[in-house]
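Asker: These came from TrEMBL, pasted as-is:
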COMPBIAS  15-36  compositional bias 'Polar residues'
DOMAIN    60-420  domain 'Amino acid transporter transmembrane'
REGION    12-41  region 'Disordered'
TRANSMEM  79-104  transmembrane segment
TRANSMEM  142-161  transmembrane segment
TRANSMEM  182-201  transmembrane segment
TRANSMEM  207-228  transmembrane segment
TRANSMEM  290-316  transmembrane segment
TRANSMEM  345-366  transmembrane segment
TRANSMEM  387-420  transmembrane segment
TRANSMEM  426-454  transmembrane segment
Amino acid sequence: MSKKALGILLDLESQESCGSPSFMSHTPSKDPQPTSGDDDGGDVGMIPLEEWLPITESRKGNVFTATFHLLCSGLGFQVLLLPAAFAALGWVWGIIILTVGFAWKLYTTWLLVHLHEAVHGTRFSRYLRLAIASFGVKLGKLLGIFPVMYLSGGACSILVITGGKTIKQLVHIMSEDDTVPLTTLQCFVIFSCLAVVLSQFPNLNSLFGLSLIGGVMAVAYSTAVWSLPLTRDPQRNHQNNVTYAIKDTSFDNIFNAIGLIAISLRGNNLILEIQGTLPSNSKNPSSKTMWTAVVISHVIIAVCMFLVAIVVYWAYGDKIPATGGPIGNYLKLYEQDYSKRAACFIHITFIINCLCSYPINLMPACDNAEMVYVTKRQKPCSVFVRMMLRVSLGLVCFFIAVGFSFLPYLAVLIGAVALLPEMKSLMWLINVFVGSLGASLSVLLVVASALFLAEKGLHANFFRP
């Protein structure tokens, strides 16, 4: 990004104080205050950047919109991997690690909610702005741009793979002669086309309807997944020789299971953006509304996560594939044990949730792409430009999904890279400890997942989904 564009961007973020959030540092930034003038010192005028970009274009959100945004982004297909983690960890350690992980997620969410307006008169509605305010322009850009684009694009690519393969499995269940009339590539195309169409909503706040549907669908299939085993005869567990013994206690297998729990605790990458859709003033700051939404949504998320993990592990025990991998492998258990109607319900609600999650996960990448256009052209994106930018991003995600359709097998390895997460007060020390622990855990997860893949092998079918 040019110096002129960056100057306009930071100036319009109202960073007059050039200070850092109080949770991170009590010393002001050493970077000089940027200006919005051109390189010759002339004034190019001020542009309402916040009003032109999709994340902050509409600040008319409320506790209900924020709740469903959080629910849709925080409760996804990864919840179905929790029983696989329990199969590798066992009852005691599975419950302990899931509980500690969820508490960790809540604490970091609380930090982000209060960092959003940590500097008086400034709202950090994007991770890039928070990174620049904390670490300066150069280091902030280095630490902020890559994780945002990596998480946004990577999440959408995995949604294409997971949703597309689930469509194929649904068609297989519904067919009478056990044939699959659609290829995997065709299913990817169908999912991507639908997802890109749904991504054409103008701004993040306007995605409330999709988040509502996506959140309801996530709760629906999670409820079906844990409630169906409760309806069958408990003696069936003994008839199927279900056991809860841990068969593999190797380092790589245990930490791979911890990684599955870590990636199921998703959604923190969108906290600042969702809070950016809320109105805020001195009497009623956005943090109050946002924290209420966090509490409501996370109660629902916690109920779904713990019930899915505990009940499904109780029902299937060592029969659950402990390798993670495609969600379709996991859902085959329900195709075998229950009626076709129940299996179809789980698959359909699952696909709808993936489709509704795609636009909200793509939004940070869309916002960054539009920011480059707006700062260079000094005008807002037209409907056509905005549409073409999102279609282009959708195509990138599609080609990544087609070229690397084995990405779900690398979920722990990919997720661990992005897990990395203020002066010497108690809170500062706690945050340093939590950050150091997170960084250490990330390194261990990368090593463990690499060893796991080396031992189990990986069928890397490039461009052959």
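Backbone N, Cα and C atoms are what each Cβ position is placed from, and that goes for glycine too.
TrEMBL labels come from automatic prediction, so no person has curated them.
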Asker: How about long-range neighbours of the transmembrane segment (290-316): same chain, 6 or more residues beyond its ends, C-beta under 8 Å?
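Answerer: Residues 63-64, 66-71, 74-75, 79-80, 82-83, 85-87, 91, 94-95, 98, 102, 106, 109-110, 113, 116, 218-219, 222-223, 225-227, 229-230, 232, 237, 242, 244, 264, 271, 274-275, 278, 333.
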Asker: Ranking 79-104, 207-228, 345-366 by Cβ pairs under 8 Å to the transmembrane segment (142-161), which is first?
Answerer: 345-366
Asker: Please give the sequence-distant neighbours of the transmembrane segment (345-366): residues at least 6 beyond its ends with Cβ less than 8 Å from one of its Cβ atoms.
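Answerer: Hits for the transmembrane segment (345-366): 54-55, 69, 72-73, 76-77, 126-127, 148-149, 151-153, 155-156, 159-160, 162-163, 166-167, 169-170, 173, 191, 194-195, 198-199, 201, 204, 207, 210-211, 213-214, 217-218, 220-221, 224-225, 269-270, 273, 327, 331, 334, 386, 389-390, 393-394, 397.
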Asker: Within the same chain, where does the transmembrane segment (207-228) have neighbours whose Cβ lies under 8 angstroms from its own Cβ atoms, ignoring anything closer than 6 residues to its ends? I mean 6 or more beyond.
Answerer: 61, 64-65, 68-69, 71-73, 75-76, 79-80, 198, 201, 300, 304-305, 307-308, 310-312, 334, 337-338, 342, 345-346, 349-350, 352-353, 355-357, 359-360, 363
